[in-house]
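A.B. asks: Supplied in structure tokens, the structure appears directly below.
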Amino acid sequence: MFKRGRFIIGIMGINIIIFYGWLVFSGGNSWLLAVGVNLQHIAGLIFGNVFTFRAFKRTKNKERKFWSILNLGLFTYLVANLFWLFFLIDDVRTVFSESAYSLWLAAYILILSSLIYWIRWAKPNAFKGVYLFNIIIFMITAASISLHFLIEPIITLSGASVWNTAVMLAYPVVDLSLLFLASIIYYLIHKDRDKSVMLLIVSGVFLHTMADSYSVYSGALESYSRGGVSDFLWLMSIWLIGLAGYYMTAANEKPLKSIEKTYEKLNEVMPYISTVILIVLVSESYNWDFNILSLGLVIIVFMIIGRQLFVIKENNRLIDEYRHLAYHDPLTGLYNRVSFEEHMNSEMKQFDNGNTALLLVDLDRFKVVNDTLGHQAGDYILVKISEYLQHILGPDTQIFRLGGDEFTVVLSNATEEKCIKIAETILEKFQQPLSMFNHEIIVTASMGISMYPTHGETFEELFKYADAAMYLAKEGGKNGYRFYNDDLNQKMSRQMRIESDLRKALEEEQFEVFYQPKVELKTKK
């Protein structure tokens with residue numbers, strides 16, 4: 001998790017150093033600066049094309065189509081930058097070529113299409129207006145800024161050809177569409193367990209629309225300068241989208257918690273940020289000429305925003321408490337059965353990256369101890385066992401308490417040797433006696449192990465087979481572990497068949513009962 005965050009920071013840091021290093025190196029030569037910036041953009045686009053194509057190759061069905069459209073958009077973007085590079089070398093001018101402008105617009109439309117497809121594929125029924133209010137506020141702000149600062153100056157000041165004017169007007173329209181779809185996706189992924197990949201894409205789109213907006217505005221006013229804010233934001237957005245493809249193809253990656261925490265915070269304050277931005281821009285458009293009424297209105301709006309943020313913070317605290325109670329065992333602090341089922345259902349799609357083992361731990365004779373020494377002693381044992389498991393397996397391994405004396409461990413990148421080593425370590429640790437109420441108690445455990453994809457390809461199969469192997473370990477004398485295998489499957493099937501046949505025979509009175517007396521010859525009794 002931390003390595004993943006450091007990698008993103010490292011990539012961005014390197015690009016910032018190169019970008020501003022080239023800005024200094026070019027020494028005010030606009031052509032040299034344009035070539036260097038373009039080459040850096042091309043490097044980011046090559047990275048993005050490679051990894052979005054890998055994501056396309058790795059995924060299936062409709063998800064595969066999403067990555068194919070996004071990859072085509074980045075490829076068109078790359079071609080546009082190559083056209084501009086050839087134009088720079090051939091014409092030795094730093095202005096954008098018409099062909100590059102048109103290709104960039106085509107790339108934006110393809111990226112826009114990929115976002116539309118993602119919403120239709122991934123969330124066909126999810127968007128029911130829960131976040132519509134926030135989206136409307138944000139889009140009103142964005143549309144107002146775009147109309148006032150971008151579209152009106154273009155129409156008023158543009159002296160270019162009809163085609164160039166049409167293309168320049170198309171950019172704000174497409175950017176607004178991108179912004180609208182990105183804001184919808186931003187809210188749609190609110191409840192997703194792993195939202196990191198789509199957050200990187202959405203962040204890239206947001207930065208890109210900001211860069212475009214600034215570029216179009218400064219271009220209309222003929223104040224655009226190479227190596228400025230727009231070029232930097234374009235570069236960052238390209239790398240963010242490329243990193244989304246990289247993490248989509250990375251094996252066994254966990255959600256990037258640092259990004260997701262930032263997402264949660266922005267999700268809460270976005271409408272209020274939009275409101276404050278619009279108030280500031282309106283005030284600026286009137287040259288900050290406030291009367292008493294308008295000043296009082298602004299103060300009240302800011303007070304309302306402050307009150308709402310306080311209420312949101314308090315609500316989030318309560319929600320976090322309830323969420324923790326819903327997904328954690330109150331006694332041991334481990335994840336509970338509900339969390340286990342959700343975790344397995346969401347993680348099954350990632351099991352293609354390697355073998356995954358399900359280890360079911362059940363304490364032996366726990367009921368005897370619980371009934372003899374009382375529930376307080378039983379609770380103490382469960383807490384100590386959970387501490388043992390966390391100490392043995394480490395913080396990166398998911399451990400669940402399913403209820404009673406049953407624990408489950410999910411092992412990623414598991415081999416049979418790794419499972420054996422962990423199981424034997426657990427059994428050895430459990431040999432240490434627990435002292436309580438003037439008694440020393442040794443708690444043993446029986447474990448069943450099933451592995452994906454060897455033993456099953458669904459969560460239900462893996463759990464059923466691990467449970468069967470655990471009961472086989474108990475029948476073998478307890479204090480041991482067993483792997484699920486085909487022989488056990490045949491034994492279970494035979495046992496279930498016999499039980500079913502016996503039940504049916506009893507119901508239909510198919511048994512013939514014979515009495516055979518036994519007599520002792522000496523006593524004749």
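The backbone N, Cα and C atoms fix where each Cβ goes, glycine too.
Below, the features straight out of TrEMBL:
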- 354-486: domain 'GGDEF' (DOMAIN)
- 495-525: domain 'EAL' (DOMAIN)
- 7-25: transmembrane segment (TRANSMEM)
- 31-56: transmembrane segment (TRANSMEM)
- 68-89: transmembrane segment (TRANSMEM)
- 101-119: transmembrane segment (TRANSMEM)
- 131-151: transmembrane segment (TRANSMEM)
- 163-189: transmembrane segment (TRANSMEM)
- 232-249: transmembrane segment (TRANSMEM)
- 269-286: transmembrane segment (TRANSMEM)
- 292-310: transmembrane segment (TRANSMEM)
A.B. asks: What is the three-state DSSP composition of the domain 'EAL' (495-525), stated as helix, strand and coil residue counts?
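C.D. replies: So the domain 'EAL' (495-525) is made up of 13 helix, 0 strand, 18 coil.
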A.B. asks: Do any residues, 6 or more residues outside the transmembrane segment (292-310), come within under 8 Å Cβ-to-Cβ of it, and if so which ones?
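C.D. replies: Same-chain contacts beyond the ends: 268-269, 272, 275-276, 279, 283.
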A.B. asks: Would you mind listing the long-range same-chain contacts of the transmembrane segment (68-89), meaning Cβ under 8 Å and 6+ residues beyond its ends?
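C.D. replies: Contacts of the transmembrane segment (68-89) (Cβ under 8 Å, skipping residues fewer than 6 from its ends): 31, 34-35, 38-39, 41-42, 45-46, 48-49, 52-53, 55-56, 96-97, 99-100, 103-104, 106-111, 113-114, 117, 201, 238, 241-242, 245.
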A.B. asks: What parts of the chain pack near the transmembrane segment (232-249), using Cβ distances under 8 Å and only residues at least 6 beyond its ends?
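C.D. replies: For the transmembrane segment (232-249), the list is 4, 8, 11-12, 15, 19, 37, 40-41, 44-45, 47-55, 58-59, 67, 70-71, 74, 77, 196-198, 200-201, 203-208, 210-211, 214, 256.
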A.B. asks: At a C-beta cut-off of under 8 Å, are there same-chain residues at least 6 beyond the transmembrane segment (31-56) that contact it? List them, or none.
C.D. replies: 15, 18-19, 22-23, 25, 64, 67-68, 70-71, 74-75, 77-78, 81-82, 84-85, 88-89, 92-94, 226-227, 231, 234-235, 238-239, 241-246, 248-249
A.B. asks: Quick check on the domain 'GGDEF' (354-486): DSSP residue counts for helix, strand, coil, in that order please.
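C.D. replies: Once the DSSP states are binned, the domain 'GGDEF' (354-486) shows 60 helix, 39 strand, 34 coil.
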